[in-house]
Amino acid sequence: MQQDEKNITLITPDAQMHAATHGGRAKCLQRLVRLDLPVPRTIALSFDAVHSIAAGDMPDMKALLAPFGDAPLLCVRPSSEDPDWGGPGAILNIGINDATYVDLSDKLGEVAAAEIYLRFVQSYAIHVARLDPDILDDVSSDPKLGLSQALRAYEAETEEEFPQDPAVQLAEVLRSMARAWEGTTARLLRQAKGAPADAGLGLVVQELALGLGQGECGSGVIQLVNSQTGERKITGRYLSQSQGREALRGGADSLYLERDPRGPSLEELAPEAFEALKSYTAMMREKLREEMQAEFTIENGKVFLLDGLRVARNARAAVGIAVSLAEDGIISREEALMRVEPRALNELLHRQVDPEAPRDVLARGIAASPGAASGRIVFSAAEAQASQARGEACILVRRETSPEDIRGMHAAVAVLTERGGMTSHAAVIGRGIGLPCVVGASDIHFQARRNQLTMPDGRVLKAGDVITIDGTNGLVLAGETPLLEAARDASFQTLMSWADGVRDIAVRANADTPADAEVARNFKARGIGLCRTEHMFFEEDRLTVMREMIFADSSKDRAAVLERLLPMQRADFTDLFRIMQGKPVCIRLFDPPLHEFLPTDRAGHLQLAEALDLPLSDVTRRVEALSEYNPMLGMRGVRLGITVPEIYDMQARAIFEATIEASKEGAPVVPEVMIPLVSARREVELVKTRIDAVAAAVRNETGREFTYRLGVMVETPRAALRAGDIAPLVSFLSFGTNDLTQMTYGLSRDDAGRFMSDYVKQGVYPEDPFHTLDIDGVGELLKIGAERGRAANPDVVLSICGEHGGNPESIAFCRDAGFDYVSCSPFRVPVARLAAAQLTVKDKIG
Ligand code: PEP
Ligand code: MG
């Protein structure tokens, strides 16, 4: 070729071409050419060439057209580096003019020729000359008549003749596609899909394989798997006398590919072409080492492959495809692991609305986070938390959410917002924590102050009414809808077992209740990394006892009330140990300030006074006495354990008695007892002495032996800095990055929402550090703590149990810092298992 071969390249088996310079489509076409598949002649324009075209610097059109002969008929398609970044739509039939129309009429018949010309005039007018599509509204569906009308309309609008020179047509097409890519809208769209701002566009100019004409002609799309399930099944459609992807929208005339009871198929119509297609696609799968979709044309019985694309897939299919490619020996297991985005697993980890079940759709919105759940409507984060404390499933309904709502979101089973899109706060957080979420339900009239919602059909819902959120399909459904359990099919289990085979950092779950523990076990968590025991006291029957304990005047009275809490706690722990079947369970001793258990309003005080048979003034005084200016930095955690030691004594006894109980039936249990909010070695010494004493007492009383491990939660900066003092006293250090972030920044976890978005918007923080671990600051404390802890006690087990534990980037950090495990909420366990496995594979690949 005459042209600059680096930038304008005829696709041959050994042309110099790369996805990074010519785009993924061009590179894929070259691979098909190398396989000797029937690909029409194609020229690839590099990113640089297209960039120059956008700037007005056109290539030598004559030379560009030379390989296509005297009367070329061409199509142009975009070829971005990653096909998922999109690009302008393909333009077909370039080159047709009055002269070729006559020739084509002789060859294909007049109707087919008119159809081809008409289609080109239409797409040229709208996409290249950018005329108002309305001008073609009245064009007849009869191709011959339609063609002359369309040409007239074009000429009337532009006051120019429709361009006849193929070189002019092609130049204009190239220019318009190159410019479209550089426009702001296209840039924003691709950036939203993860493309860098300066991502390049390549173009491919291909000789047209006509899907119209005599003999069996048509076009279609074929792939060998189902894009929703990953099941191996020939999928696609074919439409006679069609071009491009028309078969996919071709309605009743479109044929199935394989013989199908639902209707006629290509296999019956043109068996040889069908067999050829099947074998081409299978070859693409094997040689391109990927499940591919082929766009094809049949021209008088002969098959041409125009394009190969990675099969579009949801998360479930992605897993199925990766596993089947590895099982067929096409890719390695490691590669299969690398092909599934860990966060995408969220999609198959959740319950879904049963598609067979009847449903009553109240409204629609954006499907922002997959899964489905039913619950009662609440309108604030506080109500959501209260609802959770009562053990009642609730749906948090907000205009939009902000970081202040995070705790409420954790407490809710699903979220619905009026505003927002896929990257709004509710959507991002919902996906992160695996919470079904519908956002942007703007057809619903939100009357937040009146605590009600008016649905598009006029139905009014109030706080407490039950709805179902279908976050997979973006639906709000009335009442409780039957749900299907998550689709953890055989492929998922296989991929996960491969992940566990290579992973070198363990994953545990944060689980407070038997239900959480069941999920954790089902997701094959290596154990429980954090059981927040205080959640057990919020249950109705315990709250009153807890309050009595708080109101007890003397240590003796307090001990008496704790006697009543003891069997409840013992039962809690026995349940957890049984469910976890001998896997480690790390129980954190009581952490929050006591006043969190007291009522906040007068009515609550009155109720409590009645229950405790005390004067109201006593109750009010006591509540006031317990209030603190900074409760999160006040009397909580180990400070409570030292000043009111009976609580930890009771908990330790409950843990040890449950250990003995659960060990009777199954694997011996070795409980882990974790002290929260430590800042000084002496705190650990004091608590350890008492807990050892409780253990000795339980051994004496029962005559049974057991061991336990004591550990410290490192969540104050001082504990991280002084880890060298603390580590020799304990078996493990677990970093609580929620509090550690709060204290490192001096930033209230509960109030940061007020300014966090401003801070992130103005680049003060790159991200919300409560969501993404701050590697520079908090991370440095983690490293210091880990190094000093390990130096002082080489056997100390290191882990992270803050929310960051389930985040793939944080897992990478913890693994590099030599941690033994991460612990995260149960639904994030598979994501963490896969993310951790990918880190090992990446290291291996180098
Ligand atoms: C932490 O502080 O990181 C933690 C896990 O504990 P909590 O969130 O209960 O304070
Ligand atoms: Mg904490």
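Even glycines carry a Cβ here, placed using N, Cα and C.
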Hey, TrEMBL has substrate bound by Arg532, Arg588, Gly736, Thr737, Asn738, Asp739. Any idea which of Glu563, Glu610, Glu715 it lists too?
Glu715
Averaged over the domain 'PEP-utilising enzyme mobile' (393-474), what pLDDT does the prediction give?
86
Looking only at the domain 'PEP-utilising enzyme mobile' (393-474), how are its residues distributed among DSSP helix, strand and coil?
21 helix, 26 strand, 35 coil
Listed recorded positions with Cβ under 6 Å from ligand 2, out of His425, Gly736, Asp739
Gly736, Asp739
Listed recorded positions: His425, Arg532, Arg588, Gly736. Which have a CB under 6 angstroms from an atom of ligand 1?
Arg532, Gly736
Under 8 Å Cβ-Cβ from Arg588 (substrate binding site), six or more apart in the same chain: what's there?
Leu530, Cys531, Arg532, Thr533, Met674, Ile675, Pro676, Met713
Based on DSSP, name the secondary structure state of Gly736 (substrate binding site): helix, strand or coil.
coil
Cys801 (active site, proton donor) versus binding-site residues Gly736, Asn738, Asp739 - nearest by Cα:
Gly736
Distance from His425 (active site, tele-phosphohistidine intermediate) back to Gly736 (substrate binding site), taken between C-alpha atoms, in Å:
24
